[in-house]
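Note sheet for the following structure.
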2 protein chains.
Amino acid sequence: MNASNSYSFLIADDHVVVRQGVGMILKELFLSAVVYKAATFNDTFKILKEVKIDLLILDVNFPDGNSINILAEIKAIQPDVKILIFSALEESIYAMRYLNAGASGYLTKESSEDEMKLAINSMLSSGKYITQNIKDKILDSYISKKPTNPLEVLSNREMEVARLFVKGYGNLEILELLKIKKTTVSTYKNRIFEKLEVDNLAALIKIFQLYHDETA
Amino acid sequence: MNASNSYSFLIADDHVVVRQGVGMILKELFLSAVVYKAATFNDTFKILKEVKIDLLILDVNFPDGNSINILAEIKAIQPDVKILIFSALEESIYAMRYLNAGASGYLTKESSEDEMKLAINSMLSSGKYITQNIKDKILDSYISKKPTNPLEVLSNREMEVARLFVKGYGNLEILELLKIKKTTVSTYKNRIFEKLEVDNLAALIKIFQLYHDETA
DNA sequence: AGATTTTGTAGAACAAATTCTATATTAAGT
DNA sequence: ACTTAATATAGAATTTGTTCTACAAAATCT
């Protein structure tokens, strides 16, 4: 909260309507809110360097890049800024990754106005906001261990196979290349999917992209 | 325009913030605007059946179905309603499809506030709004037929199926969603792969990343 | 208008991939 | 050291996906 006793927000989203819509909700919640808006990463960084922000509402789907490590960059500039991810992606898999990477809240664009307000309030008071859904997931996987890069959980062989899948090879090609049986390939595929908590190739590819593995 | 001499709008979009944002812009343009909002197709239809709408601002990306042919259904209810598509999808691939299907304007969510206002005004006065970009395309297609975007070669149905594949849906899910037989899904997949000259899902996804700006 | 191509759809037969179970080997934990 | 968990590997049975062919309706070309 700044000197004039009102919260400062930064809405970073590439769509005007979204910036407007979120801005409106913010104004409804806090009459005196100071609301900054950014349409690109560059703008986002620029503003973060200039003014102290209490809450950054961030859509990670920018045209000028969107890998997960920008969260670290943001924190490097303003370590205390609270980040609420506001994404059009289904929370399930992605939320955890963003939370691990430095965000302290995750909200989907499908959320109702009430939930959005709840989330914003919660971020300001307790510094975080997580849906029950995600809390459950956290219990599941946080309790054990949390590798920074999810791909680390794969064994060497699994990684080998995963790369081939991401490159577009089918089971038959992989079986051929590695000289193993088709059921073995399927077994790996299964373990890979389980470990990374995905259930289809498209999601696997996204993870590889997110964690910028050259092979993608 | 209705009896009380003010325009009536219907904003159909599944995201609250977008509805708010567009609503705000509408109110800025026309103080006396009557603005209805719908978050689903069902709501959209319900409202269309009840009140006369001058301009429908429609995001066709609903959770409860989103094929192009709903435009026909809308027209069946209110033949005179003007439809402005407001979509996050790449203009070059989709605009023509929607225009052919009954819309009379296409605006991407990346548009600036000014452009949005221009579009809305244009829809109300001349009944249509097309960006220069698309006008060029129409001219081009009159002269020579060379697709700028490779995805243009897909038929509407093929596009629908391709998107589902890219999202990670399997044949079974797609067959279920579109209520078609499994061989039909395979046939589409084949035609899609042939037309785009790829032979695996990973490659298809890459093309979509390159040529299809979609937030999902 | 008539001919040709594209599109939306599917059946029969076949190929590919998955499940579930299992086992030997290695790595990790206490 | 001794036990437990993870890894690399498959077989049998089953499920999922593909091919190839086909056909009517719509769109496009001549």
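The backbone N, Cα and C atoms fix where each Cβ goes, glycine too.
What TrEMBL lists as domain 'Response regulatory' is A:8-124.
Here the Cβ of A:D59 (4-aspartylphosphate) has 21 other Cβ atoms within 10 Å, regardless of which shown protein chain they belong to. According to TrEMBL, the 4-aspartylphosphate annotation covers A:D59.
Confidence over the domain 'HTH luxR-type' (A:147-212), given as mean pLDDT on the 0 to 100 scale, stands at 91. Look at TrEMBL and you will find A:147-212 tagged as domain 'HTH luxR-type'.
Each residue of the domain 'Response regulatory' (A:8-124) gets a DSSP state, and the totals for helix, strand and coil are 54 helix, 24 strand, 39 coil.
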